[in-house]
Amino acid sequence: MLEVKGLTKRFGGNVAVKSVDYSVQQGKINAIIGPNGAGKSTFFNLITGVHEPTEGTIIYKNQEITRQPANVIAKLGVARTFQSTHLFEMSTVKDNVIVGHRLRTKSNLFDSIFRTKRLKEEEQQCIAKAEESLDFVGLSHVSDQLVTNISQEEKKRVAFALALATDPEIVFLDEPTAGVNPDETDEMANLIQKMSDKGLTICLIEHKMPMIMRLAHHIMVLNYGEKIAEGTPAEIQKNEEVIKAYLGGTVSA
Amino acid sequence: MNILTNKKVIISLLIVLGIVFPFIIPNLYYLHIMTLAFIWTIAVYGLNLLAGYTGYLSLAHGGFFAIGAYVIGILTVKLEMGFWLSFLLAPLVTMFIGLIIGLFALRTKEHFFAIYTLCVGYIIYLVIDKWEGLTGGVRGLIGIPLPEAIGPISFQSPTAQYYLAFIIFLLVVAVIYRIVHSLTGRTFVAIRNSEDLALSLGISTKRNKLLAFVLSTFFAGLAGAMYAGFIRFIGPEIAYTTITFDLLTYMIVGGIGTFAGPIVGTFLIVIISQNLQFLQDYRMLIFGPLLTLLIIFSPRGIVGFIQMQLYQRKRKKQESLAYKNREEETNAGG
């Protein structure tokens, strides 16, 4: 569904991502793991159009999207979340999520000033979408609260709801459970599973191995910007190079 | 609902107050001050749209205000065009100049954007001050005509001018209300929150930032044209950065990024300044510390502060209600 060939990103003399070939398996939960600084987030940023790759191609649904800006890629059905949430704290949860469906609407300034039929319809559509997404992530009960008054884990769910409101086909999650306690981590894992069950293709970066091993269908391991292994959780757990990368040098350790 | 917090009641009362003001206080000086306050508020709304809702603090706003004023001045005085046609053209020309400047200015962000636009504002001032052939230089433009009568309505009297400004003011408030409370406004707010997030949600930040910038220059130009038509004399000092900082103060005191902020801030400061007139420039000794305190304790100004209080009260009420219900349930159960 989404395929990457020879993807490379250099920041000055630093190679953050080095000639990575990878393909996201449709309808599955794909995970990207690796030690800190392995280039995982950069890899995400390249695919979602935040950074331009130095070399390589990205193909999504038989269409090259290599140097497209992030907003164009989002319109094609690629959604993402960030490591830290960027919500508007002084506004309600629902108000934050409504704009998530904006990319599927066509109303312009003229529609806004004259409150045309199109604007009213599209506004309703956005509100309905926001409610639906919040319901899906289990936040209907706080939709009228200010974001500043909800918990960290709930903010993460709001970020999920925002991504879902864009009507994506594939969702990239950048460390969805960072800063979330173990119980809540399990619930987040359930939510990711639920998204996958709904037919969404998932690709996530995570550090919490037990969760990844339970959740993911397919794992890629990055180290120093290079792909060092790829396969099912069972294969990855046995892979010597992965163990070496994580434990630092000696396999016997 | 409490009558004092009902929005419709407050708005209708304010409109009625605006209509009857010339009758309650038949003082030409106060009428003049009020008319100016309407004009400043329009300019502040433009600034708020960009700085408050989109998150781009433009310090060229006074410059665009002056462009609006000078366009109408040049068209009527030098080219002897009619007032209304010039009045229509002034904000449009300002908007066009805004579009060109915006294309460059919006390549920068945050502080750099503020500094860049500060320079642009100063350049606008210099051009107006030095280009004598076009703008009259330091002597300015004198004799901008009154608006021509529309049918039986003439704009000779200060009262008529007051009502003209009031009507345009109401129209602007209505238009801004619709922009802010629509998908367009939500798009602006999304950009202010985080441009990366907005982009990932499929929003073209480039286009929407430019839209917000051009809109803000439109309202600055409109206010400038109204100012020129009202005062009927303009000099280069209206392009000076002090105007920008006055507008900025009005916006911050009222509440940056709030809908009622520009009205509250502008009217409050204009009225207070009038009452502190006897202190001359020492007024700033009072304003400075007050502004500092306000920014520290309520970054979203007076309106933001009130909104927060109302919200917290509502939340407390809900919580105590929920608590009561729970207690009743346990009592009934026990």
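Note: Cβ is positioned from N, Cα and C throughout, glycine not excepted.
These come from TrEMBL:
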- B:9-25: transmembrane segment (TRANSMEM)
- B:31-50: transmembrane segment (TRANSMEM)
- B:57-77: transmembrane segment (TRANSMEM)
- B:83-105: transmembrane segment (TRANSMEM)
- B:112-128: transmembrane segment (TRANSMEM)
- B:162-180: transmembrane segment (TRANSMEM)
- B:210-235: transmembrane segment (TRANSMEM)
- B:247-272: transmembrane segment (TRANSMEM)
- B:284-306: transmembrane segment (TRANSMEM)
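Across B:31-50, B:162-180, B:210-235, stretch B:210-235 shows the highest tally of CB pairs under 8 A with the transmembrane segment (B:57-77). Using a cut-off of 8 Å between Cβ atoms, the transmembrane segment (B:247-272) and the transmembrane segment (B:112-128) share fewer than three residue pairs, counting only pairs 6 or more apart in sequence. Long-range contacts of the transmembrane segment (B:284-306) within the same chain, counting only residues at least 6 positions beyond its ends with a Cβ under 8 Å from a Cβ of the stretch, are 249, 251-261, 264-265, 268-269, 276. For the transmembrane segment (B:210-235), the residues of the chain that approach it from at least six positions outside its boundaries are 35-36, 39-40, 42-43, 45-47, 49-50, 53-54, 56, 58, 61-62, 64-73, 83, 86-87, 90-95, 97-99, 101-103, 105-106, 138-147, 161, 165, 168, 172, 176, 179, 184, 188, 191, judged by C-beta separation under 8 angstroms. A contact between the transmembrane segment (B:112-128) and the transmembrane segment (B:83-105) is present, since 3 or more of their C-beta pairs, 6 or more residues apart, lie under 8 Å. By the count of Cβ pairs under 8 Å, the stretch nearest in packing to the transmembrane segment (B:9-25) among B:31-50, B:83-105, B:162-180 is B:162-180. When Cβ-Cβ distances below 8 Å are used as the criterion, the transmembrane segment (B:83-105) is approached by residues 58, 60, 64, 67-69, 71-72, 75-76, 113, 116-117, 120, 145-148, 209-210, 213-214, 216-222, 224-225, 228-229 of the same chain, each at least six residues removed from its ends.
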